[in-house]
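What TrEMBL says about this protein:
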- Cys46, Cys49, Cys82, Cys85: Zn(2+) binding site (BINDING)
- 109-139: region 'Disordered' (REGION)
- 127-139: compositional bias 'Basic and acidic residues' (COMPBIAS)
- 168-179: compositional bias 'Basic and acidic residues' (COMPBIAS)
- 168-200: region 'Disordered' (REGION)
- 186-196: compositional bias 'Basic and acidic residues' (COMPBIAS)
Amino acid sequence: MSERKVLTKYYPPDFDPSKITRSRAPKQAGPKVQTVRLMAPFPMKCTACGEYIYKGRKFNARKETTEEKYYAIPIYRFYIRCTRCSGEITFKTDPKNMDYECERGAKRNTEPWRMNGGGKQESDEERLDRLEREEEEKNAMEELETKTLDAKREMAVADALDEIRTRNARNERMGKDGVEVTVTRESIDDEKKRQEEEDAEAARIAFMRRQEAMEEIIEEEDTASL
């Protein structure tokens, strides 16, 4: 095991370290490229061999930072290989539509939910109008939520006031010795019975008046017919 690690190295007798010149690696020309691990962002079909690549398939891709920008958002380009014919497939990010755009080597499969107005590209003015409408809808929802919270707060305040009134009424019924004066069950039943009797008497009087009025109307009609 110690020989495999190569802890010591052999230097010949004629070795001259002054003859070794240090040199820096040349700077990378063109856009910056790095290797990343990613999944296919959309289903596609290779144009070279017809292989279908489903969304979510993993690849070792080369990531390239392009010189293009959407406002201040950089656009990245990715290079992958077809799993069948090893043909190169490239696609790049599309910040405007929050999606990816297939460039070459493959054709993106048809996705009906991506169609916007029959495949029509959204202009900047239409995009701004849509964002304004979404902002207005958001403000309306926030206003509705605020009104709901205000209503809940008012209900809580009303419940608290009712509780305070109940407590004050109970304190007023307290006797001088600090013992609450309770209302007996018999008095409550008597009061309820008296109220029912009054309601029944009022209903009986109203019925009698209505009966008398009907009888008068019938007598008048009989007199008029004679």
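Cβ from N, Cα, C; glycine included.
TrEMBL entries are annotated by machine, without manual review.
Beyond the ends of the compositional bias 'Basic and acidic residues' (127-139), by six or more residues, the same chain brings 96 to within a C-beta distance below 8 angstroms of the stretch. With the fewest other Cβ atoms inside 10 Å of its Cβ, the least crowded of the binding-site residues Cys46, Cys49, Cys82 in this structure is Cys49. Taking H, G and I as helix, E and B as strand and the rest as coil, DSSP gives the compositional bias 'Basic and acidic residues' (127-139) the counts 13 helix, 0 strand, 0 coil. One way to see the shell of the Zn(2+) site is to take the Cβ centroid of Cys46, Cys49, Cys82, Cys85; the remaining same-chain residues with a Cβ within 8 Å of it are Thr47, Ala48, Gly50, Glu51, Thr83, Arg84, Ser86, Gly87. In the three-state DSSP scheme, Cys46 (Zn(2+) binding site) falls into the strand class. Within the same chain, the residues at least 6 positions away from Cys85 (Zn(2+) binding site) whose Cβ sits under 8 Å from its Cβ are Cys46, Ala48, Cys49, Glu51, listed in sequence order. In three-state terms derived from DSSP, Cys85 (Zn(2+) binding site) belongs to neither a helical nor a strand segment and is classed as coil.
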